[in-house]
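Q: Have a look at this one.
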Amino acid sequence: MSARVESAWAIRRMRPRDIDDVLAIETTAYGYPWSERIFRDCLRVGYRAWVIGCPGLTVAGYMLATIAAGEAHVLNLCIDDCARGQRLGEQLLDTLVAQARSEQADTILLEVRPSNTSARRLYARYGFVHQGTRPNYYPGDPKREDALLLAYTVPA
Ligand SMILES: CC(C)(COP(=O)(O)OP(=O)(O)OC[C@H]1O[C@@H](n2cnc3c(N)ncnc32)[C@H](O)[C@@H]1OP(=O)(O)O)[C@@H](O)C(=O)NCCC(=O)NCCS
């Protein structure tokens, strides 16, 4: 995908045929990317999954989450590097908030690396607050990295 600023970003459910586009973003974005198998399993078991893009264009970002027992949990949120800085992550979070509210989930949880400044800025601006730390949560080289556990209260 080439760098562009679009006004017609649209969010829709992720489908199995999106996975090639999703994997291309995933493998560029993360040092420890999810495998194709993980994405397929997430869709198969019915996790909530959306992509953001433009009609007729490739996928620019995606989010996967679970919603259960009154809580939503963001498993993966990722925007193609050439589409970052346009608040697309925020639009995906808005979609999850709407879904969580419709399923009577009042909290959204997620983990983030302390070193992930871009993600932390997004989450702080959105209203996530620090709830705890999960020691040695993420793989790393030479050593594992803690995760910050963040929580967001879904407005009634
Ligand atoms: C974290 C991420 C989802 C944010 O998505 P986004 O749609 O770019 O979010 P925003 O537009 O709100 O920008 C968030 C921050 O990213 C940074 N940013 C802005 N433009 C950027 C760009 N072109 N490239 C990289 N980072 C940029 C800024 O710090 C910005 O915060 P600010 O506007 O308060 O200065 C995205 O950077 C991403 O996919 N990163 C790789 C995967 C990842 O880390 N996911 C989160 C795991 S917890």
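Glycine residues also receive a Cβ, built from the backbone N, Cα and C atoms like all the rest.
When I checked TrEMBL for this same protein, it listed these features:
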type	residues	note
ACT_SITE	Glu111	active site, proton acceptor
ACT_SITE	Tyr123	active site, proton donor
BINDING	Asn116	acetyl-CoA binding site
DOMAIN	9-155	domain 'N-acetyltransferase'
Q: Write down the Cα-Cα distance for Tyr123 (active site, proton donor) and the residue listed as 'active site, proton acceptor', rounded and given in Å.
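A: The Cα atom of the residue listed as 'active site, proton acceptor' is 10 Å away from the Cα atom of Tyr123 (active site, proton donor).
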Q: What whole-number Å value do you get for the CA-CA distance of Asn116 (acetyl-CoA binding site) and the residue listed as 'active site, proton donor'?
A: 11
Q: Under the DSSP assignment, what numbers of helix, strand and coil residues are found in the domain 'N-acetyltransferase' (9-155)?
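A: Split by secondary structure, the domain 'N-acetyltransferase' (9-155) comes out as 51 helix, 54 strand, 42 coil.
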Q: List the residues of the same chain that sit at least 6 positions away from Tyr123 (active site, proton donor) in sequence and have their Cβ under 8 Å from its Cβ, in sequence order, or write 'none'.
A: Leu110, Val112, Leu150, Tyr152
Q: So if I draw a 10 Å sphere around the Cβ of the residue listed as 'acetyl-CoA binding site', how many other Cβ atoms end up inside it?
A: 15
